[in-house]
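S.K.: What follows is a structure written as structure tokens; I'll ask about it next.
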């Protein structure tokens, strides 16, 4: 079954996201704290005619880290080279990328926490002093070659900032914590998307979609497309609050933005473990999901919305979880 509330990009969504991507900070909706800081740092770097300090963007998937990287490059008026941690398998791959940079370029590395340690270590001198030392040849004939690099800005994006080594994390002069979006910001994003794709939607429908999109623009845009389909087949094409509710109910997205996987997690905790505490590994086995998937994709939203608490002995379902799913609590 397709999980419509998965915050990772699926299929042609990356193409759609590029179409919707704002170009400048003034067009970027939400994340005001990060934007306000970046605006000052970017203007100061341009005033001094220097490259911007290296930037680390971290937070849950689907919140616009990649979009923000492109916006930063546009604000600086420079080129952006894009890659990802898993794509850089060995040091030579990174050396080739670094050697291709022009002065002032932005190098964007998505999922930077997934780079091998040997590759990561190449970045240390590159980030701090704009040079790398590479080994040429093998055995007794090998020699070290010093390679100067032009000043550049590295933007790293990660969903798991805690997995970055201390030496790498310390080399980022700017950090931006991307947080779940407020409903009013998501409503504005949904209305903007609808306008770009010439969809007819009421404000009430956009607000309802925002409320059930887990604070995540990627999910909001995905659900909007499915609600549009429902409106075209089951209605007259207008996306109103009634059509929206029926479509999202069909997709198993409830009024709190929880889908069948979220509810399965909560029901398992309540029915099998009396609400907890239960270890993450045990819970993952019971719902047939990878531990990392539960920790990265499902748990953050459930914690943020107050359905789950983390304790020293494990995860615990809250009173709100019991009430939301219609369970009576007998352990109090």
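In case you wondered, yes, glycine gets a Cβ from its N, Cα and C as well.
Since we're looking at a predicted model, the values are computed, not measured.
According to Swiss-Prot, the record shows the following:
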- 20, 21, 62, 65, 66, 67, 128, 129, 130, 171, 181, 218: ATP binding site (BINDING)
- 66: Mg(2+) binding site (BINDING)
- 291, 310, 312, 315: DNA binding site (BINDING)
- 1-181: region 'Large ATPase domain (RuvB-L)' (REGION)
- 182-252: region 'Small ATPAse domain (RuvB-S)' (REGION)
- 255-332: region 'Head domain (RuvB-H)' (REGION)
S.K.: Could you give the Cα-Cα distance between residue 291 (DNA binding site) and residue 181 (ATP binding site), in whole Å?
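M.R.: Their Cα atoms are separated by 25 Å.
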S.K.: Including all protein chains shown, what's the count of other C-beta atoms within 10 A of the C-beta of residue 62 (ATP binding site)?
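M.R.: That number is 29.
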S.K.: What's the CA to CA span in angstrom from residue 181 (ATP binding site) over to residue 310 (DNA binding site)?
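M.R.: That comes out at 22 Å between the alpha carbons.
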S.K.: In the three-state scheme derived from DSSP, which category covers residue 312 (DNA binding site)?
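M.R.: Residue 312 (DNA binding site) sits in coil per DSSP, no helix or strand.
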S.K.: Rounding to the nearest whole angstrom, report the longest C-alpha distance spanning 291, 310, 312, 315, listed for DNA.
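M.R.: Site span for DNA, by Cα atoms: 17 Å.
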S.K.: Return the residues near residue 20 (ATP binding site), defined as same-chain residues 6+ apart in sequence whose C-beta is under 8 angstroms from its C-beta, sorted by sequence, else 'none'.
M.R.: 192, 193, 196, 221
S.K.: Would you say which of the binding-site residues 130, 181 has the most Cβ atoms within 10 Å of its own Cβ?
M.R.: 181
S.K.: On a simple 10 Å Cβ count over all chains shown, which one of the binding-site residues 291, 310, 312, 315 is most densely packed?
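M.R.: Per the Cβ count, the most surrounded site is 315.
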S.K.: Restricting the comparison to the binding-site residues 62, 66, 128, 130, which residue's C-alpha is spatially nearest the C-alpha of residue 312 (DNA binding site)?
M.R.: 62
S.K.: Which whole number of Å gives the largest C-alpha distance between any two of 20, 21, 62, 65, 66, 67, 128, 129, 130, 171, 181, 218, the residues noted as binding ATP?
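M.R.: Overall maximum Cα spacing for these binding residues reaches 37 Å.
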S.K.: I'm trying to understand the geometry here, so how far is the Cα atom of residue 310 (DNA binding site) from the Cα atom of residue 66 (ATP binding site), in Å to the nearest whole number?
M.R.: 29
S.K.: Using Cα coordinates, what distance in whole Å links residue 128 (ATP binding site) and residue 315 (DNA binding site)?
M.R.: 40
S.K.: Restricting to the region 'Head domain (RuvB-H)' (255-332), what is the model's mean pLDDT?
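M.R.: Average per-residue pLDDT within the region 'Head domain (RuvB-H)' (255-332): 88.
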